[in-house]
Amino acid sequence: MMSTYKRATLDEEDLVDSLSESDVYPNHLQVNFRGPRNGQRCWAARTPVEKRLVVLVALLAAALVACLAVLGIQYQTRTPSVCLSEACISVTSSILSSMDPTVDPCQDFFTYACGGWIKANPVPDGHSRWGTFSNLWEHNQAIIKHLLENSTASVSEAERKAQVYYRACMNETRIEELKAKPLMELIEKLGGWNITGPWDKDNFQDTLQVVTSHYHTSPFFSVYVSADSKNSNSNVIQVDQSGLGLPSRDYYLNKTENEKVLTGYLNYMVQLGKLLGGGAEDTIRPQMQQILDFETALANITIPQEKRRDEELIYHKVTAAELQTLAPAINWLPFLNTIFYPVEINESEPIVIYDKEYLSKVSTLINSTDKCLLNNYMIWNLVRKTSSFLDQRFQDADEKFMEVMYGTKKTCLPRWKFCVSDTENTLGFALGPMFVKATFAEDSKNIASEIILEIKKAFEESLSTLKWMDEDTRKSAKEKADAIYNMIGYPNFIMDPKELDKVFNDYTAVPDLYFENAMRFFNFSWRVTADQLRKAPNRDQWSMTPPMVNAYYSPTKNEIVFPAGILQAPFYTRSSPNALNFGGIGVVVGHELTHAFDDQGREYDKDGNLRPWWKNSSVEAFKQQTACMVEQYGNYSVNGEPVNGRHTLGENIADNGGLKAAYRAYQNWVKKNGAEQTLPTLGLTNNQLFFLSFAQVWCSVRTPESSHEGLITDPHSPSRFRVIGSISNSKEFSEHFHCPPGSPMNPHHKCEVW
């Protein structure tokens, strides 16, 4: 995500903590003034020499008292006292239990900060990863459960719909009674599936239109509505590559390395086919293998994410007529008019596409593929998305595949956790008001706004010191930073029952019919998407719901968003020292702010438009600075598998810039407000606590399978390298922890972008 603040050394801090008031003036240093046994001598009886000596002694004593007073003031100013409040003792205990103080912080700061936490927190059953974010999300889940199960007369109609949805999910008796019937009826309604019975041979276009709009699936490609990157005040239809059942093309193309996953995926497909009435396995398996082979063909033409980072290069705006020429396998005008009905689409409709080559190749692939296989593949997309809403047999099949895919150990997780997560994913904004009222203090927005303001100021201070950026680009960058809009806690409309009900007016939840409610929501969410096409983008439309433990930056809106779910401990606690808050939520704020200037965000101007607003000299200098990080992170590995320094570049830039901005902001805060009290027993300065707080946010564990998946899909580096990658580039970290030059956490060569 420097000042006059005294950066006390570790030894000085320990000494101060060990002194009590009686120790400051030990008895053997006390001075007693005693007169003669016969009483004091009269002043008049003293000789002139004695009188002069007495006056001199008095003056010297007065001077000594003055000096002691000055030293006392300086002592109090420079030496923070120890915080012994209940909150400080509690947070100290938490910090200590997470640490492994036997590890040298200059050798391995992540293990120093998180070693205790990792030993005490193996990956829980039913999970493939666990960390600070997971812990807080479980806390939020428990709150949501209570709110959903305890309805009140004052809730809005939208909130009641969320409660109906949740209760239908919890009605396992009804779900078990229906078994696979809801999905089997849906497949029949769509014209059938050759895996389970007869199918309509002439309905390719119709099936594609229905599964795209009514059920929000994305076979072959994805279609959605979003702000036009080059005209951010307008929404536009956008089309992009899609259609893989596994998380990344790498799973299909690196067959030897991923043989276990591919076998598990095929077995999962066969099992679902059998559960849906597909008959004998020797009939189902060959057809499912064909679907898997088709997905492999899609993977072969899918562009890797690391080659799609330059948005100026991949952005193309075409008309519907031009798209028809580019990808003729789809009858685009009927397709678009059907899914966007009642909006009328003609041949001149602008459409943004992100990979011409992919769309051309997928069109060729469709034309050269048997219609039966195309139908099987499209219905498989629907089955894969909807089977989790069916009975326990489908849950068991899903868990078995998750064990292969992510290393998740099968467990009997409480049903309510599944239902809370699904309700939040589906109707998170509808239940948002309940969560906000229960957890979000009225002044939290103001406090968060103040922190954001401090981080922005610190970022702009760093911006002014950059040597690689020309002055014109620097001026424009400052204007962009000034223009970043803050969204905190929740979108305003959710707290107005009338506005909230208006948003969810067209969605109806039916008691006790879980599958039906989920299908209705897919259709509703697509209708909401289609409805945006002729409207301007709206800041109140968030990509994350209020309970989410996360944050994000939107380049087309030039805004940073912090849901209520993350504005809690351990990221922020009003009773904790600000060293911890700046190291927690401060770094999160700095991270999102820096995204406005990472390798993708920097391409958007202050108004959210994709255009070349940098001078060429600064673009080239930026590429040189970022090349350092690509190499640095590319040298890290997990279980012998390297981190992709190119794919993770944007997040690595944000991690480093966020830490730097938050540190500078904390120094500014101390300069303005004075040194804080320190925490007891740790023997750490507040500057050291800042870095420790940052690191402990990322304490986490993952299964080997999940680590592999993260390395090939996640744009973030693994947690360990988010910590050591950032602090090893921080000169201030090495100063505060006294790391020798050349030690692992203080390399001679450091990378810096912002």
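Here the Cβ of each residue, glycine as well, is placed from N, Cα and C on the backbone.
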Site-mate of His591, His595 for Zn(2+) in Swiss-Prot, selected among Glu516, Glu641, Glu651: Glu651
Member of Cys372, Cys412, Cys419 annotated by Swiss-Prot as disulfide partner of Cys169: Cys419
Among Cys106, Cys114, Cys372, Cys412, cysteine joined to Cys699 by disulfide in Swiss-Prot: Cys114
Length of the line joining the Cα atoms of Asn346 (N-linked glycosylation site) and Asn523 (N-linked glycosylation site), in Å: 23
Assigned element (helix, strand, coil) containing Asn523 (N-linked glycosylation site), judged by DSSP: helix
Asn194 (N-linked glycosylation site) as reference: those recorded positions from Asn150, Cys628, Cys751 with C-alpha within 10 Å of it: none
Integer mean pLDDT for the domain 'Peptidase M13' (82-754): 95
Euclidean distance between Cα atoms of Cys83 (disulfide bond) and Asn635 (N-linked glycosylation site), Å: 41
Cys114 (disulfide bond) versus recorded positions Cys106, Asn171, Asn254, Asn300, Asn523 - nearest by Cα: Cys106
The one of Asn194, Asn254 whose CB sees the fewest other CB atoms within 10 Å, among these glycosylation sites: Asn254
